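Feature annotations, courtesy of TrEMBL:
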DOMAIN    3-711  domain 'SecA family profile'
BINDING   GLN100, GLY118, GLU119, GLY120, LYS121, THR122, ASP633  ATP binding site
DOMAIN    102-260  domain 'Helicase ATP-binding'
DOMAIN    555-727  domain 'Helicase C-terminal'
COMPBIAS  944-960  compositional bias 'Polar residues'
REGION    944-974  region 'Disordered'
Amino acid sequence: MIFSLLGKLFGTKHERDIKKLLPLVDEIKSHEAEMAGLSDRELRAKTAEFKRRLSGGETLDDILPEAYAVVKEGCRRLYGKTWFVRGHEITWDMVHFDCQLIGGIVLHQGKIAEMATGEGKTLVATLPIYLNALTGKGVHLITVNDYLASRDREWMGPIYEFLGLAAGCIQQRMDSEERQSHYRADVTCGTNSEFGFDYLRDNMCVMKEQQVQRGHHYAIVDEVDSVLIDEARTPLIISGPVEQSNEQYEALAPAVDRLYKQQQRIVGKLLEEAEKLVERGETYEAGKKLLMVKKGAPKDKRFLELMENPKLQKLVHRVELDMMGDKLMAGTEESALMKLVSDLYFTIDEKQNVADLTEKGRRTISSGKLDMFVVLEIEDEERQINVEIEELLADDSLDEQAKLAREAELEAKRWELYDRFNAASQRIHAVSQLLKANSLFERDVDYIVTDNKVVIVDEFTGRLMPSRRYSDGLHQALEAKERVKVGEANQTLATITLQNYYKMHDKLAGMTGTADTEAQEFHDIYKLDVVVIPTNRQLIRYNYPDVIHKTEREKFRAVINEIKEMHKLGRPVLVGTISVEKSETLGKMLRAERIPHHILNAKYHEREAEIVARAGQRGAVTIATNMAGRGTDIKLGESVAELGGLHIVGTERHESRRIDNQLRGRSGRQGDPGSSRFYISLEDDLMRLFGSDRIMRIMERLGIEEDQPIEHGLVTKSIETAQKRVEAHNLEIRKHLLKYDDVMNTQREIIYAERQKALDKPNIKEHVLEMLDDVLEGMMEEFVPADTLPDEWNLRGLSDRMRRRLGLHVRFEGIDLETVQPEEIFETLQKIGRAAYEDREKRFGSETMREIERVAILRAVDSRWKDHLYAMDLLKEGIGLRGYGGKDPLVEYKHEAYNLFSEMIADVKLGVAEFLFRVQVAKPEKLEEPVPVPSQTVLTAHDSSVSSLAKKAPQQTTVASDGAKQPAKVPVRVGQKVGRNEPCPCGSGKKYKKCCGVSQ
């Protein structure tokens, strides 16, 4: 109450923010007369004048009022002129309102401007884009898809061009030369993924001339909530194929399918038994049976109907808590819950998006061959091989040839061990992913099958994503499930999250219709404040209270009745659904009622522009899947406003209030009349997982009958509470991802800076010689430790290492171990190394040697970074298990990641030194380049490890490279032989020399 009173006295935060900007708006308007008196040429010359003033020491803030007045005058000069936008001729009829000037100021300040639908966000962006482009450093306008990027370039481009600036647009299939041209423009439009992928590709280039971007100065993100929140868990990944067969998915799919059907039969029997126990009054035993069903088939329709009874819901919840508590009371590893579900073949955790085989399931699917699904313990055998190799190298009775032959035999034995380990691991992983595919992912909801391919349906926009693939084998599992061709698996070559990509910009701003509900997250993660911009005309849309039904069937009947009523009145109706399946169901019901309608979902996306254009016409009925994210602006047809405007019908609450608000925002643009109402059932995912128990209690309190709908403020408040709970859950996931990626981000910045140094600097000889010194120091540490006595030194091993790794011959005969110091030995090694280096430079020539140095660093960095990403992926996969040992997985991850990175840097330096001393140049003028970045096709993946609600997984947008093949997932290994600095095959994530290879 006190906050409400203070708000009335002093105004809300947003009102105070706007009040501070009003004097600046007046100052912009004070320059309008001056600009109106200029000729077109003089107005255009203002651009060059502003650039000179900036060079002379003025700031962007100093020239903002005049610059904004110039843009506004430019729009006025273009009024009535026509040009083509996406093939349609448009007539320019827009000039900035005062509220749009406020929005432009907010965007220049590096904040988020929340503007209602129809308030002209695209026009607002022209103001800060023009101002910040005057620096000559380039401005990025980031949209959610290629269509909007090219539309904004064609729509607003003539304004920039009229004022003397160039505008470009990045599209998916452009080559590097085209991209460079568009990035050189003052303004560049494009999608978030294209900008991110170009950054990653630039950091895989082998020549500076191949890079396309020119820095990250200022970016405006359109639909900023969609990009920075909905897509925040989406790492951008460039990947290459793995040398790994996908045959196991096709081979195991029939067995998993049979297992799934057997489980369905068990679930049916459990439900029958539970119903009989309830009738006999044995409720607790019935609760156990229902809990088994919840763990084995949480989306079974018969089970969901039973769970509409609040008493049974409470019972199942109580039984689950009791059984989980049994473990704590008894102090045993196995809880009563685990014993209970042992009669199932597999269990499903719907909230965490996990499906696991039980022991019974393992026995069934293995058909008696139990070792097929048991991970081998290979540490002892691995250690024995290492001991034998160590003894072999110390055996002076064998000549070099015999040693090499025996070492080859032992390495072959090691590889046989890895092959067995790898085969079992891959089978277990494939079964796990096939179970997820069958149990948690629904056709026509999460994906569709078209042209014999599995295509992801975007959770937020309902669009088909043909270039995306779920990662970690899940997409292959879905393909095997649907009996279509199974595609290749991929390995990460370069990656960055959208969060960290955008944080690279010197200044970031955003526009959206709905950001205020996520203001805290924008501030905490991106340091972006949200300012709500007042509308040009007052919003008069009426939002009716939610209506709740117990079952989905009742809800859909009510929705159809509402549509019929509105259709009779002639009002256009936009119906929002959350999946393709639900939109098709409603379509069938409307056809049965003979109500003409259009469906806009992933199956009919080609007709999107046509369908949206008609959605505001008299009597139109449009069913849209996740309309919220489409950036559409529905204009009312003739006389529709008098009838009440566009009516919105939501058929399900989204997990985020923001998405619901976006759907509502399609109605009531620019002061138009409109209305909205949401229909909800207790079978909806949001209610079932996060809110139905509370709603059930309210229904009981209000005395609601079985088929009677609820329309009450208490209910709406409870739904918002459920949504807040989900939003908090998703925020924690995003923060968690960012904490892990911050570790990778620091490492990525160091590696990319090292690469860029090799590309930018014409002479890196001193840097390379420092690397050589570090390599020699590392060898000294290993064979001549400073804190040991001379008789403990291994000079023979040092000499052998220098010869094997660097091709340098060092002899220590006649050395006086009583007087020599380690520093003297290092100086000797350093002199030998530098002398050999200078000798190679004389032979090859200085110019060629500089090129060799550049190539050496790029080769070493790229190959080791790729292997490091692979090791880090495996480290992250297994780090959660540290929690069972009472350790903080994040702290452990940071510690292990630091060790892995330190060892990788040492390995990079060794790789550079090896290349420099071993490379041969037949003709210095034709030095072989590293393999250039291959042509790439965008391929998106989905990481299925965590869930935003029940089955939704954070997506990974991936570019698949058709270049160098990558190894299969052996315990964790790359190459033909386990190098000391390579990831250890035992799966610890450590380097081999620090783990199983320590005895070497």
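Backbone N, Cα and C atoms are what each Cβ position is placed from, and that goes for glycine too.
Where the annotation comes from TrEMBL, it is an automatic prediction and has not been curated.
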Residue among the binding-site residues GLN100, THR122 whose Cβ has the most other Cβ atoms within 10 Å: GLN100
Neighbour tally for LYS121 (ATP binding site), based on other Cβ positions within 10 Å of its Cβ: 25
DSSP three-state assignment for GLY120 (ATP binding site): coil
Number of other Cβ atoms within 10 Å of the Cβ of GLY120 (ATP binding site) across all protein chains: 18
Other CB atoms, at most 10 A from the CB of GLY118 (ATP binding site): 21
Taken over the domain 'Helicase C-terminal' (555-727), the model's mean pLDDT: 78
Assigned conformation of GLN100 (ATP binding site) - DSSP reduced to three states: helix
